[in-house]
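Reviewing the structure listed below.
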């Protein structure tokens with residue numbers, strides 16, 4: 001466990017130590033970014049540097065976007081141990097070893113894991129970015145709950161990024177960082193140039209092809225339909241549009257300035273009941289003899305040499321670092337942020353090399369917040385309403401979920417009356433048919449016996 005002293009160095013943005021606005025644990029204070037559209041920086045010295053050797057690095061802390069987040073970050077920087085590190089001058093250019101945490105602008109939801117790798121040949125540093133998580137991160141920025149962000153980097157170069165103790169990203173420093181840790185062993189020769197006679201064309205026009213004699217390049221694509229007949233009632237002497245007889249020249253019309261006034265054109269009323277007006281013309285149809293401009297067919301290029309590529313040479317800047325975990329030691333932690341949203345709540349920053357200790361710390365801190373927030377959550381109906389407000393398409397799901405079973409029940413009870421099978425139905429199967437005739441004869445005999453007994457002897 002590597003505790004640190006709270007020494008805050010302020011820039012333009014304002015910080016406060018206070019309760020969350022909607023705290024479920026009164027008296028549980030945290031560090032709050034208070035200003036909008038300002039640059040904030042705050043830092044603290046560790047009691048001792050973290051050295052990357054044989055034990056893992058675990059970094060975790062809590063964030064609550066109390067007002068939501070439009071554009072801004074809530075990531076932490078682990079500041080590199082350098083002779084000229086001065087926390088009173090902590091700015092965006094201050095060297096860091098690792099940058100980790102949430103960041104969002106517009107609909108771009110990020111969860112950074114970036115570390116600065118030292119080139120063993122040149123001594124220069126280059127940022128290496130972890131691949132983007134596959135998980136949907138949107139909820140962590142919008143639900144206004146406290147979330148626990150954890151980074152685990154192991155001596156075997158593996159890493160994990162967790163939110164609320166659930167892995168959302170994982171990989172290996174050697175294979176899952178961009179740009180890669182180690183450069184290519186070979187590169188394209190910058191001095192190699194494609195020969196002037198290099199032929200990259202896989203197909204060429206057949207030089208022996210000849211245009212057929214009957215190929216008419218001048219034939220039009222469309223021609224008048226010679227089979228078309230002018231419809232009966234076509235008004236050849238009537239225009240489609242006529243001058244509006246009710247139009248009146250405006251009083252302020254100045255012919256010297258505006259020209260000669262003409263009544264506006266309106267559709268000809270006589271054409272409304274006729275198949276058409278004006279000079280009739282045959283409709284155009286595709287010309288069956290149209291061939292267009294002749295081109296020689298394409299054939300395989302006998303001189304094709306493939307796509308030219310410069311030859312490969314040994315990379316003069318090549319190196320192989322198989323232990324990128326051995327990063328620059330760091331001895332301070334800081335928040336250097338710019339945000340368009342205020343009231344971002346930070347709490348329980350924890351840096352250690354023992355994972356079980358980090359988990360125990362998380363359960364004792366974030367675990368209490370999670371339990372308190374869960375106890376104060378609205379019922380299922382209110383949660384569904386809130387979710388539908390954020391995603392209106394859920395209303396369709398809700399309606400279908402209720403309506404479809406209800407319709408099926410109504411249809412069943414309204415149309416579910418049993419109907420005795422018709423005699424014809426038994427002809428379609430081998431099922432025995434009830435002997436209706438015998439039953440009717442027995443009933444007739446019983447009625448006859450009763451009638452005989454009722455007559456006088």
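Note that Cβ sites are derived from N, Cα and C of the backbone, with glycine treated the same way.
The annotation compositional bias 'Basic and acidic residues' is assigned in TrEMBL to 191-230 (among others). Beyond its flanks by at least six residues, the compositional bias 'Basic and acidic residues' (191-230) meets 280-287, 289-301, 303-308, 310-311 of its own chain at Cβ-Cβ distances under 8 Å.
Among the features that TrEMBL reports, compositional bias 'Basic and acidic residues' is placed at 425-436 (among others).
Annotation comment: TrEMBL describes 446-457 (among others) as compositional bias 'Basic and acidic residues'.
As annotated by TrEMBL, disulfide bond applies to 71-105. Spatially close to residue 71 (disulfide bond) yet at least six residues away along the chain are 104, 105, 106, 339, 340, 341, judged by Cβ distances under 8 angstroms.
The feature region 'Disordered' is assigned by TrEMBL to 172-257 (among others).
If you look up TrEMBL, you'll see 422-457 (among others) marked as region 'Disordered'.
Among the features that TrEMBL reports, transmembrane segment is placed at 393-414.
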Secondary structure content, the region 'Disordered' (172-257) (per DSSP, counts of residues): 3 helix, 16 strand, 67 coil
